[in-house]
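*Asks:* Supplied in structure tokens, the structure appears directly below.
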Amino acid sequence: FALLVVRPLDGGWGWVVVLGAFISIGFSYALPKAITVFFHEIQEEFTISYSDIAWISSIMLAAMYAGGPVSSLLVTTYGSRPVVILGGVMCWVSMVTASFGNSIIHLYICIGVIGGFGLSFNLNASLTIISKYFLAKRPLANGIAMAGSPVFLCLLAPLNQYLLSNFGWRGSFLILGAMLLNCCVAGSLMRPVTPPRNPSKAVSQKKLEEQTDVYGTSLKRNCMKNFRKFLDFSLFKDRGFVIYLIGSLMFFFGAYAPIVFLTAYAVKQGIEEYSAAYLLSIMGFVDMFARPGTGLLANTKWIRPRVQYFLSFAMVFTGSCHLMCSLGTGYVFLVVYTVLFGIGFGMMFGLIFECLMDLMGSQRFPSAVGLVTIIECCPMLLGPPAAGKGALVDITGDYKYLFIMCGSVILTGGVFLFVMNMYNYHMLDKERAMKEMGQNHEPKDNHDQENASQDDHKSALYTSATLKKNGSLKCALF
């Protein structure tokens with residue numbers, strides 16, 4: 001056993017880190033939606049279809065999620081600070097180079113691929129460092145950080161409209177590129193939790209850890225084992241992880257198409273374009289308060305032990321909102337739908353990464369989030385084009401079927417999560433009881449989720465009180 005003194009969690013500089021994560025996550029989620037303001041001008045200049053222009057946001061979101069394993073590798077190797085700074089530089093480069101583009105393919109590469117990977121570095125590094133700084137107050141910290149998305153969407157949507165009117169889409173991209181350099185400032189706030197006191201000893205220890213596998217019994221002899229460390233396919237043996245992954249895939253397939261086509265749906269109903277565009281700002285404003293509010297609720301003693309059920313409820317609520325949208329018309333009805341959608345969307349993104357941390361624990365979270373995001377890029381890429389122009393809308397001639405499809409998929413995913421989480425919690429209680437009686441003979445791999453979840457729940461209940469008394473947390477490293 002080696003004794004290590006760790007900095008106090010759940011406060012102090014951690015709130016400054018949350019501010020940095022608020023900025024970087026805000027740009028990561030808001031930018032793909034906010035740049036849709038420029039799509040009409042780009043579409044007219046390049047003479048392309050709406051389906052072609054919609055691929056910009058889809059590719060950007062897919063690249064943001066596909067870059068998860070690379071981001072996890074960089075964060076584990078170098079820490080969150082340099083990765084977020086690198087992501088900010090990549091986003092700046094993507095927007096500046098896109099401003100000189102003369103074809104839609106150029107925008108796919110610059111904004112979609114380069115910008116998407118830059119946003120991926122911002123997102124994953126920010127989520128990871130929050131899990132290092134917070135434990136008992138982690139749901140609240142995640143909720144505040146994730147609130148950056150609606151705040152930035154509310155700010156960027158009207159700002160982009162102003163920039164477009166005065167500078168055109170090319171000049172606007174140059175200005176947005178400069179604004180994205182603020183991610184570098186956000187990254188500079190993310191100092192490591194425990195900087196090594198003895199650099200040479202820390203380097204030696206790091207080399208030793210890199211040579212030792214997860215059980216500490218053998219040496220890593222080739223690059224493939226290093227790769228497995230950061231893209232850990234053994235997570236698929238974890239029952240809770242597989243349940244979570246299936247549910248999140250169903251959510252992300254239908255998550256963004258309603259946002260991308262909400263304005264077009266309103267305009268087709270005869271609503272004036274400015275009023276239709278204002279619906280996104282309403283959604284962002286509601287979302288802004290829903291995310292930290294969800295974090296507060298998830299942190300209560302009644303919800304925290306069974307937070308996976310809260311995620312199931314959020315999915316069912318969001319799917320029901322989309323189904324409701326197809327039943328009525330008129331601006332007032334769409335405003336009501338937008339408010340409810342903002343609440344549901346805020347609940348989902350206030351919980352989705354917190355629930356993954358709850359399942360995996362802080363040690364396995366970097367590899368888990370990398371694997372999850374690269375798999376989620378597929379529904380992220382295919383969802384909007386499949387539901388929008390060139391597919392469902394062109395076939396049916398009505399946007400309401402888009403909302404029916406997305407709502408049905410998300411609602412089904414929520415019901416699936418609820419039923420399977422009920423089964424999973426039952427099995428965990430049963431396995432824990434068997435373990436206490438000394439009758440548990442199942443393989444060790446089957447306990448990964450139970451151990452991580454129990455450790456986090458117990459730590460969450462007692463860590464804050466311990467830290468207030470002792471000022472630091474003594475951890476035994478095995």
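Each position is counted from 1, following the chain as shown.
Even glycines carry a Cβ here, placed using N, Cα and C.
Those TrEMBL annotations? Automatic predictions, nothing curated.
Got these off TrEMBL a minute ago, pasting:
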- 1-425: domain 'Major facilitator superfamily (MFS) profile' (DOMAIN)
- 12-31: transmembrane segment (TRANSMEM)
- 53-76: transmembrane segment (TRANSMEM)
- 83-100: transmembrane segment (TRANSMEM)
- 106-127: transmembrane segment (TRANSMEM)
- 139-159: transmembrane segment (TRANSMEM)
- 171-190: transmembrane segment (TRANSMEM)
- 241-265: transmembrane segment (TRANSMEM)
- 277-297: transmembrane segment (TRANSMEM)
- 309-329: transmembrane segment (TRANSMEM)
- 335-353: transmembrane segment (TRANSMEM)
- 365-382: transmembrane segment (TRANSMEM)
- 402-425: transmembrane segment (TRANSMEM)
- 436-455: region 'Disordered' (REGION)
*Asks:* How about the transmembrane segment (309-329) with the transmembrane segment (402-425) - do they touch, taking at least 3 C-beta pairs under 8 Å (6 or more apart in sequence) as contact?
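*Replies:* Yes, the stretches contact each other.
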*Asks:* Between the transmembrane segment (277-297) and the stretches 53-76, 106-127, 171-190, 241-265, 335-353, work out which stretch tops the count of Cβ pairs under 8 Å.
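*Replies:* Most Cβ pairs under 8 Å with the transmembrane segment (277-297) come from 335-353.
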*Asks:* Restricting to CB pairs under 8 Å, which listed stretch, 106-127, 171-190, 365-382, 402-425, is in contact most with the transmembrane segment (241-265)?
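*Replies:* Per the Cβ count, the answer is 402-425.
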*Asks:* Mind looking up the mean pLDDT for the domain 'Major facilitator superfamily (MFS) profile' (1-425) in the predicted model?
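*Replies:* Computed over the domain 'Major facilitator superfamily (MFS) profile' (1-425), the mean pLDDT is 80 on the 0 to 100 scale.
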*Asks:* Go through 12-31, 171-190, 365-382 and flag the stretch with the largest number of C-beta pairs under 8 Å relative to the transmembrane segment (53-76).
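*Replies:* By the under-8 Å Cβ criterion, the transmembrane segment (53-76) pairs most with 365-382.
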